[in-house]
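Structure, as structure tokens:
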Amino acid sequence: MADAQIGSSLWWSFSMGSAYQFHSWRVFVIVCALPCVCSVVALTFMPESPRFLLEVGKHDEAWMILKLIHDTNMRARGQPEKVFTVNKIKTPKQIDELIEIESDTGTWYRRCFVRIRTELYGIWLTFMRCFNYPVRENTIKLTIVWFTLSFGYYGLSVWFPDVIKHLQSDEYASLTKNVQRDKYANFSINFTMENQIHTGMEYDNGRFLGVKFKSVTFKDSVFKSCTFEDVTSVNTYFKNCTFIDTVFDNTDFEPYKFIDSEFQNCSFFHNKTGCQITFDDDYSAYWIYFVNFLGTLAVLPGNIVSALLMDRIGRLTMLGGSMVLSGISCFFLWFGTSESMMIGMLCLYNGLTISAWNSLDVVTVELYPTDRRATGFGFLNALCKAAAVLGNLIFGSLVSITKAIPILLASTVLVCGGLVGLRLPDTRTQVLM
């Protein structure tokens with residue numbers, strides 16, 4: 001009862017007419033979009049990049065922003081009296097010669113073409129410089145770490161909820177009630193029927209009034225002079241059944257629920273349209289969101305720990321240690337035979353991997369010089385998304401086959417990626433280039 005109330009509070013619906021329902025997934029999408037909108041608004045209050053201002057010749061504005069950053073850092077260190085000074089500045093080189101040549105003589109579409117071509121060429125040159133000395137080796141190592149962490153993390157994120165759902169399904173199936181070869185006549189049913197299989201049954205002059213069918217299957221059964229009125233169903237099917245002089249009034253029985261069934265002189269009135277399922281009817285739908293919520297909530301302690309220990313134990317120790325521990329924790333999934341154990345392992349895994357993500361972001365930014373930092377970070381993030389898609393496809397296809405392959409695969413890639421991460425240069429005391 002308490003679980004049903006929680007589900008109802010998390011997934012409410014607004015009825016709009018008799019055939020359409022406005023479910024809260026739309027509200028969920030709106031809420032998820034709010035942080036993006038807030039970020040766009042917040043960006044308008046952030047100062048512009050000093051490097052960009054130097055590129056466009058706005059040196060005074062660049063100095064003011066650099067001075068603001070310097071003064072803020074000095075106040076945080078307890079040295080507000082320290083004066084901001086600049087001894088040497090290297091103005092970034094621009095690749096705009098072709099644009100200047102074409103700006104006076106070319107047509108507008110020619111100028112646009114030259115500008116786009118020049119920008120793409122500049123991006124390509126910057127990208128290739130990420131594989132030149134002295135950052136080439138670091139780029140290769142970071143590529144391995146980003147790929148393995150993303151592949152293992154997002155792959156298992158898809159695999160966890162589905163495995164828990166399979167455990168629930170197996171337990172639910174073990175409790176199925178089987179009713180075989182019996183006859184019922186002149187009866188009336190107005191209660192919920194759940195998790196049952198009726199085989200070879202005969203129903204004569206029966207009335208199903210306001211019944212909720214949950215995971216009920218009728219096989220090789222005969223319904224004669226029966227009435228189904230105000231009926232809703234979830235995972236309910238009629239397989240190879242015969243209906244004689246039967247009336248269906250205000251039911252949600254779609255044609256696909258009648259498999260190889262035969263109808264003789266039957267009538268359908270006021271069939272319900274649209275989705276009629278609620279959390280009261282199908283609690284597993286709420287459970288999937290709840291499991292993901294717990295996994296996301298476990299990220300909070302990992303963020304706090306990484307923020308407190310990042311500078312104390314070092315970026316590389318946190319990066320490699322978190323990935324290796326995440327890989328080791330995957331082995332314990334082998335012993336996960338219940339929902340609670342799998343949820344506990346999911347929370348532990350998410351808490352460990354978020355520390356790796358945080359330290360990896362810091363290490364990546366600090367290993368690249370300013371003129372290659374944005375391009376290198378963008379390339380690695382794009383690689384991360386590709387690895388995430390690949391992980392979702394591979395791990396998703398293995399959900400109903402075996403647990404051994406996903407566990408060994410995730411453990412291997414995470415441990416290998418963590419060991420490679422430990423070979424990266426330590427940037428804790430390094431001056432940014």
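Yeah, the Cβs are placed from backbone N, Cα and C, and that goes for glycine too.
What TrEMBL lists as transmembrane segment is 25-45, 142-160, 286-309, 316-335, 341-365, 377-398, 404-424. Residues or ranges marked as domain 'SV2A/B/C luminal' in TrEMBL: 177-268.
With pairs at least 6 apart in sequence, the transmembrane segment (404-424) and the transmembrane segment (286-309) have fewer than 3 Cβ pairs within the 8 Å limit; the two do not touch. Counting Cβ pairs closer than 8 Å to the transmembrane segment (341-365), the top stretch among 25-45, 142-160, 316-335, 377-398, 404-424 is 316-335. The average pLDDT computed for the domain 'SV2A/B/C luminal' (177-268) is 92.
The DSSP breakdown of the domain 'SV2A/B/C luminal' (177-268), given as helix, strand and coil counts, is 3 helix, 64 strand, 25 coil.
Long-range neighbours of the transmembrane segment (316-335) within the same chain, counting only residues 6 or more positions beyond its ends whose Cβ lies under 8 Å from a Cβ of the stretch, are 145, 148-149, 152, 156, 306, 309-310, 341-342, 345, 348-349, 352-353, 355-356, 358-360, 363, 403-404, 407, 410-415, 417-419, 421-422, 424, 426.
Counting residues 6+ beyond its ends, the transmembrane segment (377-398) has Cβ neighbours under 8 Å at 127, 130, 142-143, 146-156, 158-159, 162, 364-365, 368, 405-406, 409-410 in the same chain.
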